[in-house]
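A short worksheet on the structure shown next.
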Amino acid sequence: MLFSTFLSLASVVVVAVATPAPLSPHVRHESRRAVPHGWSLDRRADPNTSVPLKFRLRQSNLENLDAYLLDIADPQSPNYGKHWTPEKVAQTFRPSPDSVDTVHSWLVNGGGVDMQKIRIGSDGSIRVDVTVSEAESILGAEYYVYRNADDGKERIGCHDGYTLPEHVSKHVDLVWPTSYFGNHKHIRRAGDGSKGVWHRPGGAPKAIADDDAMSTGPTNCDKGVTLDCLRALYNFNYTLVAADKNTMAVVEFGSNVLLQSDLDGFFKHFDPQQVGHKPTLISIAGGHLNASETDPENLGESTMDFQLVMGLLGRTQDVLLYQVGKDNNDQDPVDELLAALDGSYCSDPAIKQLGLADCGNKPRANVVSISYSTSPDINDPTDPATTQLVQRQCAEIGKLSLQGMTFVASSGDTGVSFGPTQACLAKNGTAVEGNAPGTFVPQFPASCPYVTAVGATEVTAGNSVSDPEVATTAFPSGGGFSNFFPQPAFQARRVNRYLKNSLPAGYDSSIFNASGRAYPDVSANGFPTVVAIDGEFTTSGGTSASAPIFASLVAAINDARIAAGKSPVGWINPALYSHLFATAFNDVKNGTNPGCGTQGFPAARGWDPVTGLGTPNFKSLLARFMSLP
């Protein structure tokens, strides 16, 4: 059906070229201020070199994505829970015939391109096989060869950017190869000198777990947080009834791997019936386990994620391990993950050129937990293509949410700064590290409105599980306001109340973007989490513990709904902020998330940018979600 549709479209285009569209002035479509970091300009490109120009056309109806999602995620909507099929999503967002026709006609009439050199993809993208000289003429650009500083690889592009006719520009997202160089502006992992393009929060201090921390039952939870502590804190006493029909996945990036021996050691102490229980490995981009791994930097994250998720959900639930490989500077692992889950994403020319290993061939889970951040949420005028790619990633998460998936992500462990280097922005727009005074830097994917971002709490020293938790003091829980994404209307009432009543004096638009998507949405305990790492029990934590804890509770809610013949919950944020869920959380009123030379934001009554709406009361959450169709 799709093939015949685009055959018809192509024939329409052929007729249209007989009547050229009126010429319009050229406008600058993309440009950079400098050669991207990590690359050097080597030489002018040979004018006779072949270059396949790929035009990524604007998706249809993307401006309606929020409305489509609210129609199935707003508790007051009559269509709540009626998720879309993959086919409907692909059809709805495919570039319009008018966009394809406009670009095709311009290439033939205005660009002088032989029609035989133009190919129209089933997704509406356009490829043109030309020489460098022809590309420069078409785009008003100068092409160069660039060399990568790390591996010496060469690529062709035009960092100064390119132009398009004004009437064409509005139909095009970007053209490749031009000013996008395939890697985002990521912060490296702390302390190991690696080339990772992502980082896990990892801000919680680690120590050997003593006898008090290893207590069974919900005792000494200020000294060591165990599964029993979590069950007591969040009123979680639930036995799965539809585990064979429900799915959950945990994402791990690069060299962060799980040791089965650690999982077994943990369960031997806390849940003996789960000894031998293991997740199902879903290899993405060559991701694999390494049973001989001994580097604690590569063991802690995955170990903690799965001990928490599998410990809370029990032996009957199969948990998928999305192990994403390619721990290097060239690939964004979020691109790898999204491409593996949705073939329409990796058919995008700008994404396809990255050489992604998997394309729509991996199973989807109802709930996906991500304990990593991949990009600072800042609008960089020197790198507009990267901003577009991050926004495209968020939109893809939204489209997967339309199909019933729930994405949960950690909010970060460095307060209002970004990453292990604690980066902030100076007045001149450059990054300054070490929490130097400057503008707050949010993080992606937590800042994406289609992700449920989770902050971290702790039990105050000397208190019990029956006492209110506070924002973590062992590390500052991440939170703030996006620069990429506007604030959803369903957040406005609660966020505005915070800004009116609790915002510190002197905070203004030079510090943070008050109109941006606010996060985190919720929180859960993040310290001191008891885990088994490399054969030894340790107290650790971070928002990278909080995210899988909350995600596990969402998976349990899905279990109950599926057993009752209902759909998974999908995108939950509109519901969480609604009046229906007003009393479903334990409010966290104390703590701050310092950074960038400030105390950050203070926790307060109701929603706040440290702990969100609060920690979950599972029994209340379950009752409310079960009351929905």
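Backbone N, Cα and C define each Cβ position, glycine as well.
The following features are taken from TrEMBL:
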- E301: active site, charge relay system (ACT_SITE)
- D305: active site, charge relay system (ACT_SITE)
- S544: active site, charge relay system (ACT_SITE)
- D587, V588, G606, D608: Ca(2+) binding site (BINDING)
- 224-628: domain 'Peptidase S53' (DOMAIN)
- 1-18: signal peptide (SIGNAL)
Neighbour-count leader, CB within 10 A, recorded positions: D305, D587: D305
Number of Cβ atoms other than its own within 10 Å, given for S544 (active site, charge relay system): 32
Number of Cβ atoms other than its own within 10 Å, given for V588 (Ca(2+) binding site): 26
Alpha-carbon distance [G606 (Ca(2+) binding site); S544 (active site, charge relay system)] in Å: 23
E301 (active site, charge relay system) and D608 (Ca(2+) binding site), distance between Cα atoms, whole Å: 27
Sparsest-packed among the recorded positions, when each Cβ's other Cβ atoms within 10 Å are tallied, from E301, D608: E301
Cβ within 8 Å of the mean position of the Cβ atoms of D587, V588, G606, D608: remaining residues of the chain near Ca(2+): F585, K589, A603, A604, R605, W607, T611, G612, L613, G614
Those residues of the chain, 6+ apart, with a Cβ under 8 Å from that of G606 (Ca(2+) binding site): R494, R497, Y498, D587, L613
